[in-house]
Amino acid sequence: MPVASRKKSSASNAAKRVDSTQSPSPGEEVSIGTPEKAPKLHKRSRSGCFTCRLRRKKCDEKHPACGACSNLCVKCEYKRPIWWGNAEQRRIQKERIKNKIKQTKMNERNGSATDPLARSRNMAATSPLSPVFDFNRPGHTETYDLFSSHLPTPGLNQTMYAPYAPYEIDVKTERQTFINDVPLRHDSSISTFSTFTAPQLSAPLPTFPSEDWLQDEYFSQAPNLSGIDPAICEQSFGQTYTTLQSNIPVSDHDRPLLDHFIHNVLRIIFPVLEAHQRGHTRAQAILQALETNKCYLHCCLSVAAIHLKTTEGFVGEQIDHDIMRHRFEAVSHLCQALSEDINHEEILDATLAMIFFHCSVGPADDYLPDIPWFDHFQAASNLVNRLGLPTAVPEGNPYVLPPFSMTLTSWIDILGSTMQGRTPQFAHTYRAKHLSGSSSGLRELMGCDDRVMYLISEITCLDALKTEGRIDAMAVCSHVSALGRQLEFTEPVDQTLEHPFSPTTGAIRPEILTKNMTTVFRIAARIYLCSLVPGFDRNQPSNLNLVAAVANTLNYIPSGPNGFDRSLVWPLLITGAFSAPTSQFRAVLAERASLLGDHADLGSFGRMYRLLQEVWRLTDDPADSYYTPEETSSSSASSGSPVPKIERSASPESNSTGSSMREIKKQQVHWRDVMQRNGWHYLLI
């Protein structure tokens, strides 16, 4: 064997002996040439644990728990924890961390950590190798609530912890932002963090803004991409917004429509989601879809043209041509993708956009030809089943939310089924989620608690069974009683109503807002449920009290163009349809409609108010109201006013001679029948 090979082999053997015995000889140390190092326990990440990333703190990444997580008594996780998927659990986590930080500061200020014995005990308690409290595990046994949408609230750990011993560490921080896999920004910095300097206990401790753990907006919005600092996303949002807008391929003729959609339509589509997430995450997703999804793009351009026509007063053949041209292009791309059986997720997004965007901004008397929303939804429900979205999230985990497309589908399915008096497409899924306490994300999207929405689905099923004659009156009353008790379980412990605006900052508080909106939906669901009882009368005291309760709750929900009345279309419809002529609710609704201005005539709100006015006209004074079926068909076909003609009898002789007319009796005209008679295919959500 050559000499060089023997030397290399001996050096390798010496290195192995060093690793096995941990006591190398001097000769072996010379052959290795490097000092001994402790073995690495785990692979370091690029940005630290989840808690340190959100706090924008330096993470030492010790194993199994970093120093910051050990001090704060939280479980050190590098992936998104399950409590992050629920706003209430995020708020509880935030309060616990803030209290722990305040407690630690008070201990430092009072000199509680100066005792060597106490210091050593606390250091042992907060060792990285010691177990940490898991916020995801309940601290005490609680009674299981069948109708609760959240897991039992974890108990608060009362163990006292002191800071680590002084140390010094160099931390290199790298931050990089990607859009469509293209790096837009890269920041790198190296900083030294030292705790060797003892604080002067006689001086007041400074205020550390970052010790608030998470700013409010981080608890109100969850980033879609793990490992991306939300602060960077918010700071660079304006630049990213402009970049994405410029990348959308449109012609010069359609560029004004795109700009109008982005700056005027996009911000009014999801007002509740805007309050919860400040709209940035959803707006970026929509802009990216506009860039890559042709069908989605043409749908949005058509909606923008409709909004321009109704708000800016554009009239003429050109604007109608733009609307129909983009409608045709959207349907053409949709049919092409369906025939090729590709891009199912993009097809689903575009189909849901065709349904929801149009019902958000379209006029009440749109005379241009279009495909009814329920035909679009039939295709969307088939795509949802093909993609397996109803079972995408395992049952029993209330913290993991389903995809956004499934949440939007659930919203349309539950409330849209009441428009047609049929069972929701995914009623079994909602029933299973209700029993397991799983969330569908409806509360953050449209403002109503998921449990109430699940019960509305059950009420709709009962309505469909009654309409089809599959159950008798006794069974209807039994189901109404059972569902009424379940609605009571969804009521909060504290039923006090308060305004959603913060008294100190004036900012909207999404938790209070959704609580008030859920109250309106819950009362409307009870009115809808009671209306199924045989012999129901809108003038009975119980119904009058429920309608008055809705009118009172509306005082705690912001109104006007920047309010949330357009998110309450369904409960306003149900309450108004069963309100008495002298009800205060009608005056409140008229006032809030006037505050909306031009927006009161647009979208679902305008259609809802138009339908209510027609229902009131037919039911409030039925003694001299007559309905002619022939006049309805001719009236609805006209582009002017599809409202059926109401004739007033001038003499008793006219009553006897009108053989083709039939008198509309009180409480015999349902709001759903009025829609069908006039050919109004409304989706009032």
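The backbone N, Cα and C atoms fix where each Cβ goes, and this holds for glycine too.
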| Which is it, of 49-76, 329-356, 357-384, 441-468, that Swiss-Prot names as DNA-binding region? | 49-76
| note | In the DNA-binding region (49-76), averaged pLDDT is 83
| remark: Secondary structure of the DNA-binding region (49-76) by DSSP, residue by residue, totals 12 helix, 0 strand, 16 coil
